[in-house]
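Read the structure below first, then the notes.
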Amino acid sequence: MAKIAQNRQSVVILKSLQQLHTFGLPAHCTDFVSIKSVHSAHTFIAQHQKQPFYLLGQGSNTAFVADYKGTVAEVALKGIGVQENESHYIIKAAAGESWHELVVYCLKHTMYGFENLALIPGTVGAAPIQNIGAYGVEVERFIQSVQYIDLKTNQVHSIAAKDCEFGYRDSIFKHALWQKAMIVGVTFLLPKAWQPVVTYGELAALHAPSAQDIFNKVVEVRQAKLPDPSVLGNAGSFFKNPIISCDNLAALHQQFPSMPFYPLDTRTVKIPAAWLIDQLGFKGQFEGGIRCHPKQALVLTNAEQGTGEQLLSLARRIKNAVAEQFSIDLEHEVQLIGAKGRVLL
């Protein structure tokens, strides 16, 4: 539903963002546009050089926690192209393509590697920003380069994967290039000599699986564990799994011997954030209409027409409680957008 904002000079009809992000919070923006070609992207950037705007994919990793005072621009470029050499398939996908549909497309055309990343919501353009990952695989291993438009110069650039500063749910697009680049496409390399990755969780029980077997199991597990955002508003995992030193883990194990962990290297481990949150009794708790999901503590949901303020309140309560109990700082994975842009907990 639109909202009317009135000032001394004019009446402005604000655009509702509720259906444009999967959390479904009641927020609005000053204007909304859908960018469907590189040409229209250049035009939009030229017209908004001195105006605030926020770039959006499918809104699956974004929560609008207040009315945004600017234009929201949906990056909706489409197209998939495939080339190959002796060792790899070279896949060029436009930023507005659905990530899951790209996974399905590649599987259908016997180009394997993406199957562990099935059913991750969002667009191709969002994948490198977040360095999406699941079940032992992160998308960075397949990215050759990312094509983007510099929002200051309006010029197209291509940045190699090695320069993207990929990390755990992290990249240069969240830091040095945050709000400075519009991703328009991504080039992937899928090896022809495919090797399954089945070291994580339920996949470890698969015996000599095909790529289709892995895809099927990932879809099955994700559908069982995670609420469907089209039914129950959410943005998937709200917090990142924290990474701590082995020395810190040893100290924590003195007090919490059952704390699970996953070794990353000889010096660091990853702790499941869901376990930390569950230990503190947040699973199933409400803050107004926002709820910590009763089956998966890492997912916050819009259970009963919640608001952005309620989401921030519950997220901060969880973050502060984890810090107090475990001396671990939880970072939120979801992009929180307020009136003037990014909001931090």
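Cβ coordinates are placed from backbone N, Cα and C, and glycine is handled just like the others.
Quick look at what Swiss-Prot lists:
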type	residues	note
ACT_SITE	ARG169	active site
ACT_SITE	SER237	active site, proton donor
ACT_SITE	GLU333	active site
DOMAIN	25-193	domain 'FAD-binding PCMH-type'
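Under the three-state DSSP scheme, ARG169 (active site) falls in the coil class. Same-chain residues at least 6 positions away in sequence with a Cβ under 8 Å from that of ARG169 (active site) are, in sequence order, GLN130, ASN131, ILE132, GLY133, LYS240, GLU333. Averaged over the domain 'FAD-binding PCMH-type' (25-193), the predicted model has a pLDDT of 98.
Following the DSSP three-state reduction, the secondary structure of GLU333 (active site) is coil. Long-range C-beta contacts of SER237 (active site, proton donor), restricted to its own chain and to partners at least six residues apart, with a cutoff below 8 Å, comprise ALA273, LEU298, VAL299, GLU333.
Around the Cβ of GLU333 (active site), the number of neighbouring Cβ atoms within 10 Å comes to 19.
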